[in-house]
Amino acid sequence: FDFCQAEGKKRPSENLGQVLFGERIEPSPYRFTFNKEETCKPVCTKTYDTKKPEDKQKLDFLKKSMLLNYQHHWIVDNMPVTWCYDVEDGQRFCNPGFPIGCYITEDGRPKDACVINSEFHEKDTFYIFNHVDIKIYYHIVENGALGARLVAAKLEPKSYKHTHPDNPDCSGVPMDISNKANGEIKIAYTYSVTFHEEKKIRWASRWDYILESMPHTHIQWFSIMNSLVIVLFLSGMVAMIMLRTLHKDIARYNQMDSTEDAQEEFGWKLVHGDIFRPPRKGMLLSVFLGSGTQILIMTFVTLFFACLGFLSPANRGALMTCAVVLWVLLGTPAGYVAARFYKSFGGEKWKTNVLLTSFLCPGIVFADFFIMNLILWGEGSSAAIPFGTLVAILALWFCISVPLTFIGAYFGFKKNAIEHPVRTNQIPRQIPEQSFYTKPLPGIIMGGILPFGCIFIQLFFILNSIWSHQMYYMFGFLFLVFIILVITCSEATILLCYFHLCAEDYHWQWRSFLTSGFTAVYFLIYAIHYFFSKLQITGTASTILYFGYTMIMVLIFFLFTG
């Protein structure tokens with residue numbers, strides 16, 4: 001964008017998480033000195049001559065951004081500069097960004113931020129917010145010597161058509177840019193800054209006012225209760241089956257003293273000679289299990305740290321950095337789990353197994369990520385990841401993650417295979433005709449519904465925080481939902497597994513993985529619904545990016561739930 005640039009200041013450095021999320025911090029031309037108030041200080045003046053093609057292009061870009069309600073995000077002392085305004089039912093909403101400008105449509109309807117001022121009334125006109133009134137709130141430290149600390153920064157965007165750009169007075173009519181305007185257009189950028197002492201806010205709790213104005217905490221409790229009810233229902237079912245049915249079955253078994261009675265087996269006992277028959281595609285299943293274990297531990301540890309407050313929004317990019325580093329370090333459990341299962345499936349090709357575990361799922365994620373990056377790079381976006389960072393990620397993967405996976409696999413293969421309590425028969429059993437709900441596909445589709453019901457309200461907030469730049473800070477809720485999700489996935493799978501074993505279908509390995517893994521498909525459907533109902537995304541590149549990143553999340557979620 002063609003705004004005022006800061007001369008000769010160095011860009012602040014970013015951590016891995018910020019680079020991956022495409023957050024770039026630029027130095028600013030707005031200069032403050034503590035307790036020195038400024039009124040209507042000019043920053044710079046931009047002149048556009050619509051007859052020159054490059055000027056017209058810059059102006060059209062500005063207009064397009066105002067039409068799409070683009071936002072400025074400013075930081076002072078690591079605090080977002082917020083724009084607070086009244087919303088319905090007497091609440092104040094504090095937005096961590098403020099719009100570039102706004103548009104009045106051809107039939108005189110104000111769009112987005114144009115409702116704040118009745119002076120914005122010209123039809124088919126853009127109003128640019130070229131003046132900001134910044135209020136900085138500080139808190140004087142009690143023991144005097146340390147001086148003061150900044151506790152909040154708020155601003156009001158204003159629009160003024162400065163008649164004398166060199167000596168502005170910040171009054172008069174708003175700065176309007178008519179859609180059909182020709183000739184020379186001058187936009188002068190100015191700012192005022194005032195300082196206010198705020199005794200009530202402590203420095204440690206200075207983020208609270210932004211978080212409090214984010215609505216939705218009560219919906220959260222409702223969704224948690226909803227999820228807990230599902231969990232109780234499922235736990236009840238599982239407990240009932242375990243205690244009543246199995247107890248009855250086993251008691252009946254123990255009463256048989258003579259061998260003649262033992263011939264009349266029933267239900268799940270009929271398949272005892274086939275239950276540990278190795279699954280088809282055992283290699284792939286063991287690789288998925290390894291990667292899934294890696295992701296499960298990573299998510300658990302990340303959320304645990306987030307709950308303790310190490311990864312708050314004040315600590316920019318910390319969440320992503322933490323997740324990536326943990327994922328790299330958790331190669332060992334992945335290799336170990338994959339090797340153990342592969343060996344128990346009677347697999348021989350251990351080298352292939354190790355290589356697939358360390359390269360298949362990470363490779364898919366990296367390839368997807370790389371393609372998305374190429375698109376960003378082609379579009380000239382600031383969110384494109386520099387080549388150096390890509391090399392660093394590859395180095396983390398090849399030099400740390402892969403060797404750790406090999407070590408894990410070595411220990412996994414060295415241990416004896418998992419002992420099965422019953423021998424497998426030589427000849428596979430005939431599987432009888434199944435009823436509708438014990439067939440593989442309907443069972444798998446039903447299995448994903450319950451875990452998805454637990455998380456879908458949280459999903460809305462997570463997607464908002466990723467795509468609509470809202471802060472996500474409800475890690476306590478998320479941790480609770482995560483635990484509930486783990487329990488629900490396990491219990492739903494156990495239940496459906498019990499039902500189809502009773503129907504004498506002994507192919508349980510893939511089905512148990514896919515039953516809860518199918519939650520990821522519902523997640524994908526929800527993400528598509530969110531795209532069409534909530535986001536106003538236009539353009540092919542943006543759409544490809546949205547679905548590319550969604551596919552990464554879906555894959556990770558599939559491995560994790562499975």
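The backbone N, Cα and C atoms fix where each Cβ goes, glycine too.
Per TrEMBL, the feature transmembrane segment maps to 221-243 (among others).
For the transmembrane segment (284-311), same-chain residues at least 6 beyond its ends with a Cβ under 8 Å from one of its own Cβ atoms are 318-319, 322-323, 326-327, 330-331, 333-339, 341-342, 345, 347, 353, 356-357, 360-362, 405, 475-476, 478-479, 482, 486, 509-510, 513, 556, 559-560, 562. Annotation comment: TrEMBL describes 284-311 (among others) as transmembrane segment.
Taken from TrEMBL, the feature transmembrane segment applies to 317-342 (among others). Same-chain neighbours of the transmembrane segment (317-342): 14-21, 23, 282-283, 285-287, 289-291, 293-295, 297-299, 301-302, 305-306, 310-311, 350, 353-354, 356-358, 393, 396-397, 400-413, 415, 417-418, counting only residues six or more beyond its ends whose CB sits under 8 Å from a CB of the stretch.
Look at TrEMBL and you will find 354-377 (among others) tagged as transmembrane segment.
Beyond the ends of the transmembrane segment (383-413), by six or more residues, the same chain brings 16, 19-22, 24, 290, 324, 327-340, 343, 350, 353-354, 357-359, 362, 366, 370, 373, 376-377 to within a C-beta distance below 8 angstroms of the stretch. Annotation source TrEMBL lists transmembrane segment at 383-413 (among others).
Look at TrEMBL and you will find 444-467 (among others) tagged as transmembrane segment.
Residues or ranges marked as transmembrane segment in TrEMBL: 473-501 (among others).
As annotated by TrEMBL, transmembrane segment applies to 513-532 (among others).
Remote same-chain residues near the transmembrane segment (544-561) are listed as 288, 291-292, 295-296, 299, 361, 364-365, 368-369, 371-372, 375-376, 451, 466-467, 485, 489, 516-517, 519-521, 523-524, 527, 531, 535, 537 (criterion: CB distance under 8 Å, separation of at least six residues from the stretch ends). Taken from TrEMBL, the feature transmembrane segment applies to 544-561 (among others).
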Segment-segment contact (the transmembrane segment (473-501); the transmembrane segment (354-377)) at 3 or more Cβ pairs under 8 Å: no
Outside the transmembrane segment (444-467), six or more residues from its ends: residues with CB under 8 Å to it: 216, 219-220, 222-223, 226-227, 230-231, 234, 437, 474, 477-478, 481, 484-485, 488-489, 492-493, 496, 511, 514-523, 526-527, 530, 534-535, 546, 549, 561
